[in-house]
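Below is one structure, written out as structure tokens, with a few remarks after it.
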Amino acid sequence: MLLTLYTCLLWLSTSGLWTIQAKGTDTDVSTRNPHRDLAPNNVDFAFTLYKHLVASAPGKNVFISPVSISMALAMLSLGARGYTREQLLQGLGFSLVEMSEAEIHQAFRHLHHLLRESNTTLEMTMGNALFLDHSLELLESFSADTKHYYELEALTTDFQDWAGASRQINEYIKNKTQGKIVDLFSESDSSAMFILVNYIFFKGMWVHSFDLESTREENFYVNEATTVWVPMMFQSNTIKYLNDSVLPCQLVQLDYTGNETVFFVLPVKGKMDSVITALSRDTIQRWSKSLTMSQVDLYIPKISISGAYDLGGIMGDMGIADLLSNRTHFSGITQEALPKVSKVVHKAALQVDEKGLEAAAPTRVSVTAAPGPLTLRFNRPFIIMIFDDFTWSSLFLGKVVNPTEGALPGAKLRLTRAPRAHRKGWEGSP
């Protein structure tokens, strides 16, 4: 029941949402849980970044790990100097008056450790890798600090031979993610001297599994002109559900084993932007208080989704810090002059399938005239948000427009079983 307790504490109130101490005898939050001092800033940054990416990619999938990005940028600040350092930390939402740099990095170290703690019921690989041209040498202070706080792995390569360098980087990331993230780089970038790669892969196990035998091919209505077939998972269960009276959407909250919980949000057709605009800590808190246990026939696509972003340009577009500008200063990274960073790349990947700890109920067959469960089909664009309850972290934020795009290697998303009967056309989608 600890997970339930943590969840209740997490979403108790807006003012205490990111500062309440979980169950324990020590009431000194900063001593016991320094990572929670990061939570408000991390979550606010998460939604700001997510909204920016959604606005810049209309009609496209968006998928990021905000907490992983925050770690990478905070780590990069260790090598920044002057205004660039200030820009990075302020852009992440930190006030150095309220929290010192040492406290920020120590809190991220604690958070990183907690997120990477062993949990045999899920697969999660996250990390940062720095690839440096062999003509450059890291400063000892930067190397030691990034290794201590963020477990950074630094490797040298020959960027004059981009074909060879890209193969080295791709192979490294592939091995680190057990083959889930491949071919991260393919285009030539002869000017590269320094590339930071931030990566994360996640595959959890549901507390209550979906019924494997009930998964069938169904239509997914991408837009008025495009319909694709997806393997649609099914479970009939008592689920946390809300038909929101404030925003035009319905949502469910499902739990993975461990500390991870997932919100699946289904906006009314044509209202996706309205819902995304309203996403905030307050919205999540209100939803969590309003969700009620309901009998639901739930249909969710089996998905394998990923997103890759060059954070350097994105931070500049957001007005945080243009990491690629010659005006930025990263003189705290290498012995030699390094006027700018070539690339800061983020890659996030997620697999969602039927597997769970407890067996799913069999497919429901109505035999009486009594009111049945409500039916909720995620067969049009939806929002997915995964949080870690214990650390109060935004693990993933996603906008799924087309579940068939961005599939990971080896993902089995096609079925041989017959499709379900379904209505045709965008307007016919439930």
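Glycine residues also receive a Cβ, built from the backbone N, Cα and C atoms like all the rest.
Small disclaimer: the values here were computed from a predicted structure and weren't measured.
Annotated features in Swiss-Prot:
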{"type": "BINDING", "residues": "Q253, Q285, W392", "note": "cortisol binding site"}
{"type": "CARBOHYD", "residues": "N119", "note": "N-linked glycosylation site"}
{"type": "CARBOHYD", "residues": "N175", "note": "N-linked glycosylation site"}
{"type": "CARBOHYD", "residues": "N243", "note": "N-linked glycosylation site"}
{"type": "CARBOHYD", "residues": "N259", "note": "N-linked glycosylation site"}
{"type": "CARBOHYD", "residues": "N326", "note": "N-linked glycosylation site"}
{"type": "SIGNAL", "residues": "1-22", "note": "signal peptide"}
{"type": "SITE", "residues": "C249", "note": "site 'Conserved cysteine within steroid binding domain'"}
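The most crowded of the recorded positions listed here (N175, N243, Q253, N259) is N259, judged by how many other CB atoms sit within 10 Å of its own CB.
A Cα-Cα distance of 15 Å separates Q285 (cortisol binding site) from N243 (N-linked glycosylation site). Binding-site extent for cortisol: residues Q253, Q285, W392, maximum pairwise Cα distance 16 Å (rounded to the nearest whole number). DSSP assigns C249 (site 'Conserved cysteine within steroid binding domain') to a strand in the three-state reduction. Look at N243 (N-linked glycosylation site): DSSP puts it in a strand. Using C249 (site 'Conserved cysteine within steroid binding domain') as the reference Cα, a 10 A cut-off selects N243 from the recorded positions N175, N243, N259, W392. Comparing local CB density within 10 A for the recorded positions C249, Q285, W392, the maximum falls on W392. Separation of the C-alpha atoms of N175 (N-linked glycosylation site) and Q253 (cortisol binding site): 33 Å, rounded to the nearest whole number.
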